[in-house]
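Copied over from Swiss-Prot, here are the features:
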- His190: active site, proton donor/acceptor (ACT_SITE)
- Ser320: active site (ACT_SITE)
- 100-102, Arg128, 131-134, 141-143, Thr189, Ser321, 326-328: substrate binding site (BINDING)
- 122-137: compositional bias 'Basic and acidic residues' (COMPBIAS)
- 122-143: region 'Disordered' (REGION)
- Glu333: site 'Important for catalytic activity' (SITE)
Amino acid sequence: MSTKNVRTEKDTFGPIDVPADRLWGAQTQRSLQNFAISTERMPLALIRALVLVKKAAARVNVENGSLAKEKGEAIIRAADEVLAGQHDAEFPLSVWQTGSGTQTNMNTNEVLANRASELLGGERGERRKVHPNDDVNKGQSSNDVFPTAMSVAAVAAITEHVLPELKALRDVLAQKARAFHDVVKVGRTHLQDATPLTLGQEVGGFVAQLDHAKGHLERTLPHLLELALGGTAVGTGLNAPKGYAERVAQELAQLTGHPFVTAPNKFEALAANDALVQAHGALKGLAAVLFKVANDVRWLSSGPRSGLAEITIPENEPGSSIMPGKVNPTQSEALTMLCAQVMGNDVAVTVGGASGNFQLNVFKPLIAHNLLQSCRLLADGMRSFRLHCAVGIEPNRPRIQENLERSLMLVTALNPHIGYDNAAKIAKTAHRDGTTLKETAVALGLVTPEQFDQWVRPEDMTGHKG
């Protein structure tokens, strides 16, 4: 690194050269040197949550007199610049770092301190007017501020992205269920023909699954809204002023619009990440629902001539580089793949959540990275599936009727009239001889044509009343 392009910063390990045009300081530079691992960077959503916490803390520290007003206002201005996306390149650290997130906390402290110093007419580096630890990090420890940022980021991702997209997809499918209420079709269990239902009932099942998934996810929010800040190093609150935790939680609630509160037990809040594990469990549950929905849509649209072909889906792009005219269920494929990724992420989050030792969980960056990735994947995936697939689902009525008329399981309607064994005999004989159920039932002398027409009415077998 050319001496013309660097400045020297110091930490407790001594001096280190830092790129002159960067706002970060010594500890960030050491992390870049010591943890050049893979390409995953700390999510910007987490960085912005951490900056929000710093902003709220600065307000409270000015209010309680522990931070000079001039410094506090400069920190807040610097924080607002970061929140506006002006300094994204100043947060280069890898997810794969210290398990407490200390290096990212210090990265944030250094950037805000150097920028605040500039805003006060000072310099970056040793002669800065705002100190990263004494001012920006006042009343905090990485051990409480990082999990607080994790909670803030998780609540935002779930409430502002995942839940709205879940509702939007649910509403589109609910509209389809109503539109298809009178389309009687073959049911299928074990991938085999079963008794009839309506396409509306089938899609309505998807809607109910999504409603339950939404409820499960919403029920994880109260625990996520409990913030670790104020526990400082081990949960005792050492060096945090009285009332500090409560006031910062109030400030964060005001800044975000989410009802954050201080955690009633800071030892739990630092030593464990149970709220995030449980939230990700609900995300995994949503992924399982979406996987099932996407897979059923894929199967029901299979064809167009040799598959089930009971529904049609939008044709968005060519499907094959060798087979002309082929169109594939690409939205279902993308959605099922990302759901598989979320399921894999859940394993990592679970292991991370189980890996606390004594007073601190040290898998926090892993948990945050995977949870925020899962939220992004699910929100984007639901939006894409809704806009490019679900809104265009339509029944292929001729094919549905053809499959329905060929189904041997319509014979189930005869059970109350001729008994299970006789009904089974009709189905097996018709399947063996390639004849219709009606032809076989009459030939076997078990029913008259009039009785068959009266008793075997698919629309009466669905429980649908109008």
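The backbone N, Cα and C atoms fix where each Cβ goes, and this holds for glycine too.
Of all the recorded positions given, namely Asn133, Ser141, Asn143, Ser320, the one with the smallest number of surrounding CB atoms inside 10 A is Ser320. Taking only the Cα positions, the spacing between Thr102 (substrate binding site) and Ser320 (active site) is 49 angstrom.
Rounded to a whole number, the distance between the Cα atoms of His190 (active site, proton donor/acceptor) and Ser141 (substrate binding site) is 55 Å. Checking each of the binding-site residues (His131, Asn133, Asn143, Val327) against the residue listed as 'active site', the C-alpha distance stays within 10 Å for Val327. Between the candidate recorded positions, His131, His190, the densest Cβ environment within 10 Å is the one around His131.
Its own atom aside, the Cβ of Ser321 (substrate binding site) has 7 Cβ atoms within 10 angstroms in the protein chains shown. Calculated from their C-alpha atoms, the gap between His131 (substrate binding site) and His190 (active site, proton donor/acceptor) amounts to 66 Å. In the three-state DSSP scheme, His190 (active site, proton donor/acceptor) is classed as coil. Just so you know, of the recorded positions Thr102, Val327, Glu333, the Cβ with the fewest other Cβ atoms around it within 10 Å is the one at Glu333.
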